[in-house]
């Protein structure tokens with residue numbers, strides 16, 4: 001019998017490869033499971049392949065992870081949802097292994113399969129599996145079981161529901177912190193499936209136990225539960241059960257728990273509602289903003305604008321603004337950076353007068369911060385302030401600081417300013433721009449850092465698009481073309497790049513009369529780098545100009561360059577000539 005006719009051949013190959021010493025072969029065979037299942041057919045996959053995988057005791061985590069992933073999408077290969085339960089035993093085994101990522105993937109696959117299974121099969125196969133894992137002798141099984149309750153619970157009969165709730169309660173009191181951590185992180189998903197009466201009675205008592213756990217790693221996961229449970233409860237129950245917990249957590253002895261509260265505070269405020277936030281959570285938030293741990297202050301500072309949106313402006317000015325002033329001169333640069341990334345958003349919340357009186361001095365101090373990231377975060381959000389205080393005030397107060405930053409010793413700060421210039425130009429208008437910022441844009445073309453020169457060339461193109469070709473012809477083009485005679489070849493290359501970018505904006509007439517002659521002259525430069533960049537520029541310009549100009553000026557110049565002694569110059573000029581010929585032939 002030939003190999004092709006042998007019905008056992010695919011599974012024989014799989015078994016051989018799964019037992020191979022080479023991990024790559026074992027991995028490949030696992031990833032081909034779907035192909036092998038198709039070859040075997042649904043019945044033999046159920047009868048032979050799945051039991052074999054269940055018995056497979058591979059010790060390599062990568063292979064086990066691939067198997068857990070493959071089995072999650074295996075329902076169609078075993079005959080659809082009515083046979084989905086046959087996939088549970090191998091995944092149950094994977095739920096007990098030591099490697100966390102394998103267990104997590106097995107739980108994810110079980111959830112995927114469980115959500116497709118029929119209700120009767122869930123009761124017969126899935127719920128017993130959850131109970132077995134929850135009663136597992138080894139903690140890994142109990143950790144995995146916590147992630148399956150939300151799939152098992154909705155389909156369970158009343159008696160089983162009571163049992164599942166009590167089992168979950170026991171898991172939350174498990175001796176192993178890892179099990180309690182898993183129970184705490186999955187509590188929100190489980191609570192979403194529990195009936196409201198039991199949610200108030202059983203689930204909230206479980207939650208309260210977790211919030212008093214002696215391990216901070218469990219308590220910080222309970223912080224996430226606050227927001228989830230708060231959304232499930234009625235407002236009055238939320239205030240009664242969740243609010244005291246949040247207030248206690250904000251004073252927790254572990255900085256990691258306080259950090260978690262700082263991170264989650266906006267979601268927690270949404271859960272308890274605006275009124276309790278104003279009365280109870282403002283003092284808690286102020287405590288976090290003044291926390292002695294920098295990490296907590298960073299988390300709290302990053303939420304300052306979102307928090308102020310919940311409060312009215314008066315409360316924000318009274319309670320939050322004094323803390324913001326303190327944070328703007330915080331000893332940690334990361335705290336100042338977190339504040340700078342969101343503080344501009346406070347301007348629309350506080351209104352014009354408060355922004356001018358209270359926020360502008362803070363903006364200015366952050367713009368002059370010694371740490372570049374702080375300055376960058378302020379620069380990138382200036383438009384939010386402009387909408388509130390208007391351009392005149394902005395230009396008087398913040399523009400001098402921006403001009404100072406344009407010459408900052410950190411090139412990334414200069415780069416951020418350049419990228420912001422077109423937006424600033426559109427806000428300031430052409431007159432103001434010419435007066436204050438025009439000279440800067442030319443100065444950047446001769447910066448020592450290539451990235452700055454490149455960004456400056458792009459900036460000129462965007463300004464020409466913003467203010468139009470006529471403005472560019474008066475204010476940009478003459479100054480750019482003057483720089484083509486710079487003694488340093490790198491600066492001359494920047495000018496060529498600028499011409500290439502400006503030509504499409506300026507149109508064929510100005511390109512032919514003003515830009516092209518400069519490029520043609522540059523083709524006689526003594527530096528090969530300039531010459532092959534001329535070839536590139538001519539290649540980009542020729543589609544813009546008229547056919548006669550191509551034949552009269554561009555082609556002769558490229559032909560001359562194609563005979564240059566330098567190999568790169570010849571390559572790029574020939575490439576440009578081919579591009580011209582190709583366009584000619586197609587037209």
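Note: Cβ is positioned from N, Cα and C throughout, glycine not excepted.
As recorded in TrEMBL:
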| type | residues | note |
| --- | --- | --- |
| DOMAIN | 358-519 | domain 'Phosphatase 2A Regulatory Subunit A helical' |
| REPEAT | 10-48 | repeat 'HEAT' |
| REPEAT | 242-280 | repeat 'HEAT' |
| REPEAT | 281-319 | repeat 'HEAT' |
| REPEAT | 320-358 | repeat 'HEAT' |
| REPEAT | 359-397 | repeat 'HEAT' |
| REPEAT | 398-436 | repeat 'HEAT' |
| REPEAT | 437-475 | repeat 'HEAT' |
| REPEAT | 476-514 | repeat 'HEAT' |
| REPEAT | 515-553 | repeat 'HEAT' |
| REPEAT | 554-587 | repeat 'HEAT' |
Segment-level pLDDT (mean, integer) for the repeat 'HEAT' (281-319): 83
Sequence-remote partners of the repeat 'HEAT' (476-514) [C-beta within less than 8 Å, at least six residues beyond its ends]: 441-442, 445-446, 450, 453-454, 456-458, 460-461, 463-465, 469, 521-522, 525, 527, 529-530, 533-534, 536-537, 540-541, 544-546, 549
Counting only residues 6 or more past its boundaries, what in the same chain has a CB within less than 8 Å of a CB in the repeat 'HEAT' (242-280)? 207-208, 211, 216-217, 219-220, 222-224, 226-227, 229-231, 233, 235, 287-288, 291, 293, 295-300, 302-303, 306-307, 310-312, 315
Go through the chain and flag residues at least 6 beyond the ends of the repeat 'HEAT' (515-553) whose CB is under 8 A from any CB in it; none is fine as an answer. 477, 481, 484, 489, 492-493, 496-497, 499-500, 502-504, 506-508, 560-561, 564, 566, 568-569, 571-573, 575-576, 579-580, 583
Counting only residues 6 or more past its boundaries, what in the same chain has a CB within less than 8 Å of a CB in the repeat 'HEAT' (281-319)? 243, 246-247, 250-251, 255, 258-263, 265-266, 268-269, 272, 274, 326-327, 330-332, 334-335, 338-339, 341-343, 345-346, 349-351, 354, 358
